[in-house]
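Structure, as structure tokens:
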Amino acid sequence: EDKPVVGLVMKSLANEFFQNMLEGAEAHAAERGDYELRAVGMQNETDFESQINAVENFITQGVDAIVIAPADSKAMVRPIKKAIAAGITVVNFDVSLDADAKKEQGLELAFVGPDNRGGAKMAGDALAQALGEGAKVVIIEGNPGADNATQRRLGFEDSVAEYKLDLLDSRTAHWETEEANQVFSTMLTAHPDLQGVMAANDSMAIGVVKALENAGRDDILVVGFDNVPAVGPMIEDGRMLATVDQFGQKMAADAIDLALEVVAGGPELEGWVKTNIELVTKK
Amino acid sequence: MTDHTTNTPNEGISMHRVIERIGIHNISLLVALVGLLVIFGVLRGDVFFSTRNLLNIGMGVAILGVLAISQTGVIVSGGLDISVGSIVGLTTVATAMTIQATDMAGLGLLAGIVIGGLAGLVNGLLITYGRINAVIVTLGTMAIFRGVAFILSNGQSISIFNDSFRWIGTGRILGLPAPIWVLIAVAIGFYTFMHKSIVGRNYYAIGGNPIVARLSGLKIPNYRVAIYVVSGVMAGVGGILLAARTGSGQPISGSDGLELEAITAAFLGGCAMQGGRGTVVGALLGVAIIGVLNNGMILTAVPTFYQMLAKGTLLILAVFLAEYRLNKN
Amino acid sequence: MPQNILTVSELKKHFGGVRALDGVSFSLTRGETHALVGENGAGKSTLIKTLSGAFPFDSGDIVLDDAPYRPDSPHEAKARGLQVVHQEFNLLNHLSVAENISIEAMPRTRFGILDRAEMNRRARAALDAIGLGDIDVRATVQSLGIAHRQLVEIARALQSDSSILILDEPTATLTERETKRLFDIVADIKSRGVTVVFVTHHLNEVFAICDRVTIFRNGKTIATEVIAETTPAAVVRHMVGRELATERNTYQNRDISGKCALSTHNLKVASNPHPEGLDIAVHYGEIVGIAGLVGAGRTEFLRGIFAADPIVSGHLARNGTPMVFRSPRDAISAGIAFVTEDRKEEGLILDMPISANVSLANMASVSGHGLMRFGLERQRAEDHRAKLQIKCGSVSDAASSMSGGNQQKVVLAKWLARTPEVLILDEPTRGVDVGAKAEIYGILRKLAQEGAGLLIVSSELPELMTLCDRILVMANHRIVGSVSRDDFTEEHILKLAYGQNGTEEGTIA
Amino acid sequence: MTTETRMLSAPSRRAVSVRAIINNAGIGLALLALILFFSLASEFFLTANNITNILTQITINLILAVGMTFVILIGGIDLSVGSVMAFAAVVAGKAITLPGLGVVELIALACVAGLLTGLISGLLNGVISAYWGLPSFIITLGMLNIARGAALHVSDAQTIYSFPFAFEEFGSALIYGVPVVFLVALLITLLAWFVLNWTVFGRLLYGIGNNEEAVRLAGHHVFWLKVAAFTICGFTAGIAAIIYMARLSISSPIAGIGFELNAIAAVIIGGTSLAGGRGSVIGTLLGAFIIGVLANGLILIGLNDFMRQMITGVVIIVAVILDHYRAKYSAT
Ligand SMILES: Nc1ncnc2c1ncn2[C@@H]1O[C@H](COP(=O)(O)OP(=O)(O)OP(=O)(O)O)[C@@H](O)[C@H]1O
Ligand SMILES: Nc1ncnc2c1ncn2[C@@H]1O[C@H](COP(=O)(O)OP(=O)(O)OP(=O)(O)O)[C@@H](O)[C@H]1O
Ligand SMILES: O[C@@H]1[C@H](O)[C@H](O)CO[C@H]1O
Ligand SMILES: [Mg+2]
Ligand SMILES: [Mg+2]
């Protein structure tokens, strides 16, 4: 009965990445059996308020730990600080809080998550190598205020620089499929000679692939990020070139494990607990 | 009847009527649309008028068009249906699951239409017999239908591998993509229904003044329920198109403000909030304006924020043209 | 042996605390024309609404064609052969005249599609039958004047075959000429065996066309009389429960040598087809009437003066000083008040309390520093309720809960509350009962006596002839004559209104 | 949508609005029932801490909804409030992070800048829709895009942060457990209630919603009255922006997406008619509470996200059905 309670705060459950993560977390809780999991998500990726509300509600419920993937790297600093002040162990995973904002609020908190910039560069490099130097590419970005979105854009830009690609356009679609579909459809019309697309996550990559199918184009290469189940077949049949697996289920499970260790009296986490990434291409 | 003085007002009235026949409002919308085409044509003449881009626009608005047209029917009757986006999501799931289970495209279509119709029936019954404001009911059912979709699909997207079904989303007839044909069919069907049929006329009566309509002996409850069922079925058609296009059923699809865009197109097209006014042609023009705007904006590659500024301004200008001229007359 | 087609016994219906019908009993024989009369709020319209299925009744019995009758909906009432023209307008303003006329049974083609040509043809025929040759059946109803709307409604009611036709104050918005035509129509359908129920406040109409009359008072039927065996005075006595003082309706000479309160010079409104506008002058203490046929342009002219609609050209002067009114607000601050023609569309805020309606044009008097003083507002409303004998449950009830005539009195109260220097009235006593009419006349006269200038448009010549010092006659947007009190005769005024140049035949309804 | 029953039941809206509270009894009952249910279902629900949470969480929606009530009462709608809030927040955010000014000046400047931004946006909505008689649905939808674009432009699509400490303190300050920001919202609500029920201005707004022509012919400046309603709504979006900043310590150009729908929902649940002319700000308060309590309570009892959405839908419909019966019985 006295099991510790872990509140897991995710982002948009419309994204398969988090759907998948949720399942993984539930399985993990069932498997370990020594803690109680309470998980919440958001309506959409820009709904910061509801994420803050979720944290506040967890404070009220007096959970032992909060494991959170912030929607905005700056906005979530204060509520997290409040949770820590309430004696709750907080683990920040997936999206790192903003370093400056943390410093300013006097908050020290470790980050559990992948090297987003490095990961994006892996995908970008794969694309560049397939297309060759000087190829025309575009980037579809995540939420401007989210640190991992920034890191992934930088990673793609690293590839652009290294392989002297021609970057035609770079726009946000706020991590969402439909928006990416619209944004990219028109990018395609504006730049019919486009050769490659770097999407900052798979949700948006799927939107891009659908747009390509509708336009009847199979000559444009797409890379994504996340390795959600839905892109598996796309990589197999060539509609996508590559994605980066960041092992979302494991990431969440690790973050929970780490949180529980601290709750059980272990040492505070520090710095960056890097999690695994891996380039996924056609086998 | 024969002398000069009596004919003057008469002539005034019939002149007025000639314009009215085409629809002053529609003429103005057409002007707005042509204006947009000219602007984008000049700015991006290279690609804007390419067949591919025009088809892109068409594909982009096919689903929206279906929804905007049926929304026009609902608004004319004095109601509003905010739940259509959710119904689209729900029907993509229902269709995908049916096809996954049976691999029969026809059953998938049936499932989409039946589920859409049932959802609409729920709306209609609650609004008519529960006597609740349509906005509230459909605001509520918007959440409910979305929830049902998630529960059915367990939050996952469901792939559709049936090729004949997917053809609905990607196939072409006479060079035009199938969804555009669907839109054309829906438009013609609704045009006949709203403007040529007796039942359609009665919707204008009910929306224009329900008290009068009742005193004239119309059975308003039946009409009300029916229009929401129609709206649900049309959302089902939208769902089928979406599922066929994306080759999957996704509980989340249709949640990105599709209903708002449909309502916007209807209002742009001349619907009045109070009901009793609005036309199918107007709705189509509204949809075209929105589609061209969205497409042209990205083509001209102005930064996102200027795009939004421009989109907002153009929307206002479009109604300004349409309504102000109307008021002046 | 006349056979009863409809028998109503002990019918009751209440709205909250108001007993609108408190034991109504009467019967209709087949083929008769039966008048219902009674003061404002006596319950006539309520009875008609229950008969037409618009709302249910509490208790009592109705027998229709020897079968019990308790309609759930207007649909059912129509199916049983009852057709009603209600007192308040019931047209769909955005639809065409033809569509309105055919709304109950639209003609269809073989394919079930609306047969527009046939619909227009039927509407044309229906309008021609009641003499409305000059209305375009494809025009929207909102482009019609109020009298035309009334006639369109009557045309609609005549569309379907019914055994009972109920007309609730159909003549309230009609001038003599249309009224006559309506009577011909009534005679015609009566000859076809249809029973006609006819509500009016004009007793002469009752005596002109009805066979019997049932008198209402306070929700009860007081008596049913055979017209041939009674007199107007007897009917009025039943209505008000006392003898009506007649001397109140006589004209009193006043001093009208006062200054010119309001004058127009070449004032032209948009609908005026002529190059030149209108010239009129109203002096302090004077009551000027404007007579004319429906569509003569009187309403538009008044609206132009008040800046309710923009004027095209011409001038307007108050106290001899030229003024430009950009909105009704300007007109009001210049001391003008305007009782509009259509109380439902322009006069009242139906959902708001009676007291709020009374103070609407005079918010300053019931507020201080922008704050409402509700006690004072109610007090003011009570004063007017007493003064105009407004019948209502409480002044905080919604305006929509009053009978038509009482609503009209509230509109009047709204403007009287400003004690205007110039009062413009468009059909001020439409739907007001005889007793109350006398009250209103008294009030208007008193106002003139106290020095105000009054400009009254009315389609009831007797009304103008009782009240006015001078009557201007309008036809086709021109003033075709000015008649002073000594020359007041209906013939004279009507002759002017119909015009001497013989062109008016098409202009008038 | 409601005109039909209007004629038959002839509602008598009382002027003095202590009655409004009674008129809202149906929604109030629904709210009470919810509270009762959640206190039984979750041990946390009635804790002081959670009550504080609920109050904080409804603050912004309540403020937006109060402004929205004005616009809906005159028969309009304002879809732009979410974007205008973001725009105002970004402008205020720029102001409050200006270098070289004292804390007090910064905060004052930010408030003025944010409120003015909201006010001007609302003014524009009002002037454009009232002057040319254009449907506010489209005009404010246009403003939704314009304000969002402006917010992205001004902020260069970046989140603005690093506000004075005192300002952030205000966002989380409590008085006896009641968030100060909620008190601000409550104050605004009371002010609005007062304005709508006790001033001539408020009376005329109701009048316009019912019969604009009658109000015009009675000599009132319908144009300015309508403009004022929209301006108030924009102004409250400005207030919401300041509160948003104080609460979140950031100004995000993508904040407030979809907030207009929540605000409209609160107003409608509170019994204000979309057709205009009928409703009350007390109803809006209750409507905002219903939405807030539901959102909070359903998380507390551990419902998953999709069930939560569904139940929210069901409760809203049921609350309004309840209200319908309340109105029916109190009328007879
Ligand atoms: N919907 C309603 N709600 C409340 N009271 C009503 C309603 N309709 C009518 N009444 C009341 O019922 C009584 C009868 O009204 P009714 O309209 O039948 O009078 P009437 O005889 O037709 O009068 P008028 O000659 O003025 O038209 C009035 O006191 C009126 O205030
Ligand atoms: N909105 C309108 N559009 C077109 N014609 C109109 C409109 N309003 C009125 N008319 C026409 O203008 C003429 C003048 O109407 P007006 O209402 O001023 O006449 P009136 O003398 O006041 O008669 P009454 O009020 O008794 O009908 C009529 O022929 C009428 O049908
Ligand atoms: O890392 C995650 C995923 O990449 C997801 O697709 C969007 O949100 C990010 O935070
Ligand atoms: Mg009556
Ligand atoms: Mg007139």
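Count begins at 1; order follows the chain as displayed.
From the backbone N, Cα and C atoms, a Cβ is placed for every residue, glycine too.
Residues or ranges marked as transmembrane segment in TrEMBL: B:22-43, B:55-76, B:82-99, B:106-126, B:132-152, B:173-194, B:225-244, B:280-299.
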Worksheet item: Does the transmembrane segment (B:132-152) come near the transmembrane segment (B:173-194), with 3+ Cβ pairs under 8 Å (pairs 6 or more apart)?
Response: no
Worksheet item: What stretch of B:22-43, B:82-99, B:106-126, B:173-194, B:280-299 shows the most Cβ pairs under 8 Å to the transmembrane segment (B:55-76)?
Response: B:173-194
Worksheet entry | When counting Cβ pairs under 8 Å to the transmembrane segment (B:225-244), the leader among B:22-43, B:82-99, B:106-126, B:173-194 | B:106-126
Worksheet entry | Beyond the flanks of the transmembrane segment (B:173-194) by at least 6 residues, Cβ under 8 Å | 55, 58-59, 61-63, 65-66, 69-70, 72-73, 76, 167, 200, 203, 234, 237, 241, 244-245, 279-281, 284
Worksheet entry | Tertiary contacts of the transmembrane segment (B:82-99), as residues 6+ beyond its ends and Cβ separation under 8 Å | 63, 67, 70-71, 105, 107-113, 115-116, 119-120, 123, 135, 138-139, 141-146, 148-149, 152-153, 158-160, 162, 165, 231-232, 234-236, 238-240, 242-243, 246, 248-259, 262-263
